[in-house]
Every structure is written in C-alpha cells, then in structure tokens.
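Trainee: Sharing a structure, written as structure tokens. Questions coming.
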Amino acid sequence: MPIRRRAALLSVSLAATLVAAGTGSAHGESPAPGDGVAGIPAPSAITARVTLITGDQVAVTSQAGKTVSVNVTPYNRSISDIRTFTVGTDVYVMPKEAEALVGSGQVDKRLFNVTQLIAQGYDDAHSESIPMIVRYSEKAAKKAGEPSAPDGGRITRRLPGVRGAAVSADKKQGDTFWEAVDDDTSKAGTPTTQLSGDIQRLWLDGKVKALLDRSVPQIGAPEAWAAGYDGAGVKVAVLDTGADLRHPDLVDRIADSRSFVPDEAVQDGHGHGTHVASTIAGSGAASGGKYKGVAPGAKLLVGKVLADGGAGMESWILDGMTWAAHSGAKVVSMSLGGQEGADGTDPMAMAVNQLTAETGVLFTIAAGNSGPGATTVGSPGAADAALTVGAVDSADAVTDFSSRGPRGGDGALKPEITAPGFKIVAARATGTSMGTPVDDTYTTASGTSMATPHVAGAAAILAQEHPDWTAARLKSQLISTAKTTAGTPVHSQGAGRVDVSRAVRQPVHGPGVIDFGLADWDSGSGPATKQIDYVNDGDQPVTLALSAKGAGEDLPAGALTLGAETVTVPAHGTAAASVTVDTAATAAGAHGAHVTATSADGQTVVTTAVGFVRDVERFDVTLKVLDRDGKPTTGVAVVHDFSLGKLGLPDMHVPGEDGTVVARLPRGEHAFMAEIFHYSADGNRVWEYTYGGEPGTLIDSDRTITFDGGKAGPVTIDTPKPNQTDRLRLGLAIQNSTDTNAFGVEQWMNGETKVYSIPSQVTSSHFESRVGWSLSAPELRAQVVGRGGGPIEPVYFRGRAGSARIDGTRVLRVADAGTGRPQDYAGQAVQGRLALVKRSADLTPQQQVDNAAAAGADAVVIYNDNPGNWGADNWSVTATKIPAMTISGTQGARLAELAARGRAKVELTGTAVSPYSYELLKYRQGGIPADQRYRVRTDELATVESSFHASVPGTEAGYSRLMVSPMQTVAYLLFNRIVMPRPLTQYVTADVKTWEAMQVGTVWEAGQAGQQTAPTVLKAGQRVSRDWNKAVVRTALPSGLDKSAYRDGAVAVVYAGGLSDTVPDQWFMSRAFTDKERTTVYRNGELLGSAPSAVVAFPVVPERAEYRLVVDAQRDQPWWTTSTKVNTDWTFHSEEAGAGTPLPVLSVDYDLDVDQANSASVKSATRVGLGLRYPKGKAGPRITEAKLWASYDDGTTWQQVRLAAKGDAAFTGTIRNPASAKAGGSVSLRAQATDADGNTVLQTVTRAYRLQR
C-alpha cells in the first residue's frame, strides 16, 4: 500500500506546517501509519488556554499564526491587578506583583509570555502543570537534606549543576505555588522585589531544539589521521536526539548511552542525533569510508536529551550534561539551543561553567541558527566555558543562518570558532527523513548543529594527542590555530574555521580570544590593556611577527595597538605581548580584530580574536511623578521605559519618597508610561488610578521628564441612557520612528475605580492612546431614607459569580449585627432586614455574609473598619446567598449610629439584568489628550439587537465585544458573565474594527464552547440583529472564512465547525471539552481513515474522484439539550486544480421560527428556511434538489416537510408540530441536497429544537 503511506505523510506534513507557522498545536491524535486523515487546527480562530504560575488563566486566539485576541480570567484577584504587554508579536500577561521580580531577573519573563508558552506546548490542553527550574540560595543548599519543593510544586529532577531542581507546578492548584515563592511582605500595590524562602531564581523549563537549518577534509582531519590521531581512546558525549544504535557507521562506536527523555528509548526517531554522532566518530562503513567522521577512533557516549520530535526540556538537558560530564567524557557535543540573545546566566549556561570547573570536560556547543543579526547566540552556547561554534560553507564563508555575537548583556565575544555546517552529509537514522536524504543510510543537513560535531571531533583528536590537557587548553589550542575568514567580523567567526591539522602539529598556541567586553561610552578609564600569552611546547624557540587587522572593518587609528612588533617564545616557555584597546576612538557598537603571530617560515600561525564593544552613550534621565495634588504620591507610582530601538519588555522604575528616580538611559528613542495607584487599605481594590504617557522621545542629553498629576483630568464618558462602568480598558500603542518595532500595554480597571490621565507633553504619529468602556444600566443605587438620610455608595461583592443581585426597589430596615458573628444576631430582629456588619479580622467576608443569610437577613452590607473604602470578593462558583455589599467605614459608622436610634432604613434600587449596554472606544493618535471627558449620542453609534438563546433557563455564558484601534495589534477581551436566555441592546462605537465572542458555560472554567463573529466595521446609525445559540446548531463551514474547504496539491483541507451557530458568519474559536467529533473520509468508496476532529486534512489524487466526508459531532452538557448529535454526510467531486481551489462542499443554513428557549409550540406551525451555500469563493453548480424531514421521536420515524424554492439555493417550508407531541419534547431535522454535478449533503440534527405548550 505505498500510495496510502505516502498520503499519510503528506497529511501529517501539512499539519506540521500549520503548527510551525504558529496557528497552535494540532488537536486530536496523530494519524496512525497508513491512515491518510489528520485532525488539524483551523486558521479561522484557534483558541489556546494557558494557566500562569500565578493561577490566572489566559485564552489566546490566533488567526493565520498571529495572536489576534487575549482573554484574561484572573485567579482570586481583581482584573486591575493584571497588565498585558505586546512586544513585537509576543504577548505577555503579568500580574503587577510579578513585574519587579521579572525586571530584576529573579523570575523568568518567559513564564508570562503566553505566545511562547503556547508555542512550546505548555497550554492547558497539552500540559497539566507548569515546568520550571528553581535555583536555591546557597544557605538552603547547605542545609541538612535536600531542599523541598514549594507548596503546589513537585520536584521531578534534582539539578546539582545549577544548585536547584526541576519543579512542576500543578495548574489545578491555582496560585498555591506562586503564594509559596512570592514575598508578600511589602505594602499593598508596592512592587515585590524578592522571592521568599529559599528560592533565589525561577526559570521556565523551556523547550530546546536541535539546531538544524533548512566537512571532514575541509578542516584537515585526514592530515591528523595520517599523523596517527583519530580520537582513539577519547570519549565524546553527544547530547541530542539519541542515535541509531544499529547504523553501520555507529556499530561498535557507542560506549554507553542513556535516555533522559521520559518514555523514549535512546534509539533516534528524529535523525538529528545520528547525523551529529556520525560526524564526530562515524566509521563511514556504509559508504566505503567516504563519509567517515572527524574522529573515527573515538568512542561515543550517547545521551538522549531531545525527544523524537526534535525538542527537549531544559531540565532533561541539564540532567544529561551532568551524566556526560561525570561519565568519563573528555568532550561534550551539544548541537542544540534556545533563548536567542542569551546572556550566559541561565541554568544551562550555569551548568556548563560549573561542570567544566568540576570535571575539566570541554563543551562544544552550537551558536544557533538565528543569524545574520547581531546578538543572536543562544543558550547554552552563551556560557563562558563553552567553545561556541558558528557555521561556514565550503568556501569558509560564514552562513547567513549562523548566529552572531556579541553575547547579550555584557558584550562578550561569541562564537569563538566556526566549522563546516552547510550541506553536510552524514548518517541517516533508520525510518527518519531529517534533512535531504542521499540514500537509505545518509542524509544532507545544514546548521550550526552540523558545524559543532566537527569541532567536537577535532577536540577528541587533540585530546588523544594530549590526554593531560584541560578543557581550557584544548579550547585555546583549537581557537588559536583556526583559519581566519577574511573580511568577516570576529563576533561572527571568532578566530575562524577550525583547522585540526594545524592544531595537532603546531607547538605554539595563544589564548585564542582576548575579550574586552562591553565598555561604557564615557567610563573615563581610558584605554584598556590585556596580555596575549603565547605558549611554546616545542623544543626550539620561535620568533613571531605580530600584526593586527580589523575584522570586517578598518579600525580607526588608535583603536587597537600592539605593545610589540615581534615576540620570541622560548622552548617549553611562554612570552607575552600586550594589546591595547581604546573604545573612545570607535563608534558605538561591536568591533574586533585578529592579532596574528607568524613565524618567519610561515609554519607557525597563531591567531587571537580580539573583541570589544562600545556601549551607546547614556544619560541621566530624572523621572519625576507627582500626584494630583502636585506633590509626591502617598500611593504607589511606577514609570515604564520603552527603549524603542530594541524589542523587549519595558524597564520599570519606582520613584522614591520625593517622587523622583534617576535612570541611566541609552541614547535613542524612548517612550514612557507613568502610573499612580491608590489602593484600599486592604490592598484589594484600586480606588484611584492616574496615568500618563510620553511618545517616542530622543534621549540625547541629561534631562528631566515630569509627569505632573496636577494637570490630570478625569477620564469619563456620558451616554444618553444612565450608565455605570462595568470595566474600563486603557491602552497605549507605541512604535519607533521607522515603524520596525511595535509595543503595546493594556490595563483594565474595575468600574468603581476613578481614572485620571495626564496629557502628553509631546505628540508623535507613532503613538496612540485609547480608552474602552463596557457600560450597562446602573446595577445598584442606595439611599438612607428619613431623617439624616442621603445617598450611600454600596458596591456588590465581586469575583466569579459575585453577589446575588437586587432587582427593582426594596426598602429595608437596618439591623446592626456587630461584626457578624452568630452570637451577634442573638435576640435581634433580623428577618427581612438589611444586616449591617463591621469588617473584622476574625471572620472572612464570606463567613459574615453566610451568617447574615442564616439569621434571615434579606441583604447584608459590610462596612470598613477604617474610614476608607474597601472591596470584597466572592470567588466561589455560585453567587452569595443574599445580596452582599461593601461600603466605606465613614458611611457604615453613620448607618450604625442611625440604627442605634432605631430609625435607619435604606432604599435599594437595582437592575439585576441590564437591558442595554454601551461598548465604546475612543482613541487618539499622537498622545494622551488634555481632555478625556467624552460624550456620545445615539445617532453617532451603531445599534446591535442581540438575542441569546438557551434551551435550559439559567444557562451561564460569557460574552464580549472586541474593538481595536488603528494602531492596536492585539485585541483584549474580558468575558462578561451573562445568564441566558436573554435579549440585549448594544450601542457600539462606529467606524472601528469590531467583532464578538461568546462562550457557553462558566466564564472562569477552561474548555467551554466558544464562537466568534467575523470582524466588521459598523456605521453610525446602522442597526444590526444578532442571534447566539439559536436553533438550528449544526455542522457547517463558516461563511466568512477565506479557505474553509480547499485543495492544495496532493492535500485537501476542510475546516468545519462541529457545532456551529445557525448564523453562518459565526464560527467556533474553542470546542467544549465534552464535545466529541470524528470525521471519516472515503475516496471512490474506499476508506482513507478518520480523525477525532471536524477539521481535517486528507490526501487527494490528480484525477477526478468522488470524496465522502462523514462528520459526527455531539455535546453532552446539562445546559445543552438541543442539537445533541449532528451527523453530516458530504460527497463531492474534485480533480487536480490550482493551489487553494475551493471544494464544492455544501453547507446547510437553517432559519427557524423559535423563541429564545429554542422552542416552538405544540400544535403550531413552525416556519423553516433552508439555505445552501458553497465555501467562500466557490461558484458551485446549481442546486437540483433539496429535501427536509422532521422527527418527533429522536429519529425513529421521519415525516417529510414540503419545501418551496425561493431562489437558486433557498427554500422555505412549514413544520406542523403535531398535537400528540409531548411538551418538553424535541423535533429532529434531516436535510438533503444535491447539485447539478452530483455533490450532495445529508445532515441529521438530533433534537434540533424543543416543543412547549
């Protein structure tokens, strides 16, 4: 069956392509061998949910590989305590309490990069825990016994190489782990600056991949062999994807092996490790010696640290490194890496340095394949002790893909050496297809992965010749004998391409690298001098002529000088020459030269790569923040500095008591955002928030930037109907002047927060500020009635379900219940009253509410134990038993005084379900405007009449309208909790891009069924109707998707929504976790296979063929009683066509007269409309037949419904619900249609709608 096997590969390849492009991980199981159908992610809207270590959940929706929307569900915290940043295409979601820890480097920023967490497979669908690496303090490490895992975590591996452990934090335990490591001793809102307990640092246990990009004679290995050195007696450890233990080139070459990948054997299922291992020590047996490795006499220690998919966790690699270093290896080869632009302080780099110092092993590590940009070397190649390897082609030119230095942070010289890494032929693991296969036993591949084993083999040869040499000695010999590539910077090639022939025969060597690192622009220290120490192991003195030449540039006069023109190195002795660098003579940036020491006969050539970096000019920028009274704030102030010349999170600066902080900032474009928070006394609420932003500002001198809150104005909006703010969204979009780097920051505020903005002092077209509102009818108004009365300002308990609500007007007498203990109610007349309770440290607010409800109170209000405001939360999944509110200490004391006189009554007026909402967005390009008091009129807004259907009353759902401003790259949403069925009238800002999202089920639980609409722009005065969850929910192709069913070469793709709304332009963004889907595919009657998804890829043949897709979808939930099962049977014909050609797959759209409960009356006539359509862009054949049947017994018997044509593809009919049908029963529907080309659809919807009296 070779055709079917090839088809399966094509199908899997397509799915892999989509995943690599960033659309998300493929859903469902991978197709089995010979199965030609694969479930794949849909490009319309893929939503992945991520739980952060703080317990907060983030749903990230992507389209075409780009993040388009982010939905944050806080865990036991207010939404105002979370902020989102966009940096290029990455989105960070970060609680404020983590910001300072991330900024100080104590907590890995990757733990909050939701884009990368999903890309690495750490979303909730693929990982039940968050893998991390913990570094313990020295004090903890010295304690008796090994440190334990923090609460909520589990140690999976001890990692002595980093004085730590791999820890897995259970996502189901919410914020337990974070609370165990977060130091909560600072005052409310103050940035936390240290981890608690014994934890010193916390990293994501990230995925590291094999460094494969899309030879032996070149480096002089045959000459070394001829001299008798082929690595014999030397052990080289290869940490990679394992090895093909039965490959002819590796037979008898492997001395030991171990897998550090859970549930995978050492046998290489990827191919990368086999290719690398044979490059080091392969015998070339399968090629008659043609593809022999660099050191064919060496023995290999094979450590499998990367899974068969080509990636592995950092903790696996750390474990493998320790094993390799302590297993007798002289050299460890690592053709893997991650974290482009690493600074050498991460766990893997630490382990390289520590293990080298402990054991003397030499780590040869790939630089990475992120070139040709600067500062792209990854980890662990960024480690000080690593011999970091770049790649060259057959002409010794550095390849474009090879990562360049200098190292991130300190500007150190990396890589130090290069080797052939372009189109390298080496062993191919059995059953793998990595690279470009040459035959069954060899394959061609490119990358720094291919370069690194050349250097590892060279080191093995050198170690055979000099078994007593240390790692540092081997490293310097290899670097100083390398062959320099002319015209290439040192930070691209180090000293040059490895030359093992010279390394073996040449008795004189130097340090290889003299690195001056990063020098301040104005350090004032003047020129710096270092010594080049030459070592002569020969029996004769050698005189060397010294010369220095700029690498890749002509250095200015005085930038680099040598202390001598010649140096004589005595036999078995050393001699030194000085090299002086004056960075003041150069421009800012990385510079370098090669100092070459050459003997008179030219037989001895010692190369030293000299690297230095002049930092950009920096200036003292005083950041001054004043509160609205013109004085330094008594709240919490922070300033964020966006350095626009590079992509990265902003630096956070915290002003002191005088309101100022001095930042040493580099020359260039910067943007700033200042914030002032005033919290309630318990730190639970932000009651006042003031912010300001300054667009891209050129920092070219010392200066002061002042954010004067005295100039701040309120951020408000006035609407025709009464409103209250449910949520307020504040955002900034920032670009540099060339529009190459984009940043964003988004801050949500609860409705009770008073917001003020400081106008920008300068304006820029590369800066945009925006404010978004979700408004509804006022949920609660209150006033004390009678003498001494007046308005009071109670606030409902917030949280998940929050508080029970008051609907209408109620006047309640106040009963003072002290602190709300059960005994406080003894002897009190509380029944039917408003219980007044004082906040107490002895009881939780929830206990106080429960006690009031048990005493018979109709409602409870808890006042603060100090004069200020406060807020309480109810984080249970059900609302409080009675309406629960908080008020300020001042207002509560006044109520208590009135209650003591026996005449306190409170009138409460509430709207439990708002009949309308305002979804508004105001934006301003240039800066934050001076006046943000807005007013809108109904005629300048669009009106959307929405109807939320549900067959079960009380069904919970989350709904959100998304709106984006012109410069906004990611939309942010928070689902508003709604209870269905219900109507809603929305007034929406016109002329902005907007779309809607809705998920059925509780908004705080993952895995609920979600749908979204296509983006649109509404016009002023426009009126739109929208149905959600309306019968008939069925399987269909979304009408708004450009490619919902198409063929591309030998593969066809169908993106069906298993259970999609009756409105055709709404499609799923997530399925309910209980949804079950399966698609079975046939070609010309022959089964091709099946996949557990309604979104599939399958093989197609060039000739015309008939394809049949059968999709079964079902949902089992207590809140879902209609469309419980849907079977859709499609047949269509297709033959070879251009890429992206739509397939003639017919979707059925239903228009049914049902109420919001998806019900029709027994004995009534229910009008039904039937529409048939092809995928977008397909003008299909005319419809020749359409039929409809109804069943009142779940499909046991069927009655045909007469249809009348109302156009080419539209039909209407009447379903006559019989009087004999049971109220509470259901009607199932079956539709069938055929077009002129014989394409058909047969769809059966079980319990399509309900019947009622």
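From the backbone N, Cα and C atoms, a Cβ is placed for every residue, glycine too.
Summarising the annotation, TrEMBL assigns signal peptide to 1-28. The domain 'Peptidase S8/S53' feature in TrEMBL is assigned to 231-496. Annotated active site, charge relay system per TrEMBL: Asp240, His272, Ser449, in sequence order. Per TrEMBL, domain 'PA' is recorded for 821-895.
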Trainee: From the Cα of His272 (active site, charge relay system) across to the Cα of Ser449 (active site, charge relay system), what is the distance in angstrom?
Mentor: 8
Trainee: For the domain 'PA' (821-895), DSSP counts of helix, strand and coil?
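Mentor: Each residue of the domain 'PA' (821-895) counted once, the result is 21 helix, 16 strand, 38 coil.
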Trainee: Mind giving me a neighbour count for His272 (active site, charge relay system)? Other Cβ atoms within 10 Å of its Cβ, every protein chain shown.
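Mentor: Around His272 (active site, charge relay system), other Cβ atoms within 10 Å: 29.
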Trainee: How big is the Cα-to-Cα gap, in Å, between Asp240 (active site, charge relay system) and His272 (active site, charge relay system)?
Mentor: 7
Trainee: For Asp240 (active site, charge relay system), just give me the three-state DSSP call.
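Mentor: Reduced to three states, the DSSP call for Asp240 (active site, charge relay system) is strand.
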Trainee: Mean pLDDT across the domain 'Peptidase S8/S53' (231-496), rounded to an integer, is what?
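Mentor: When the pLDDT values over the domain 'Peptidase S8/S53' (231-496) are averaged, the result is 95.
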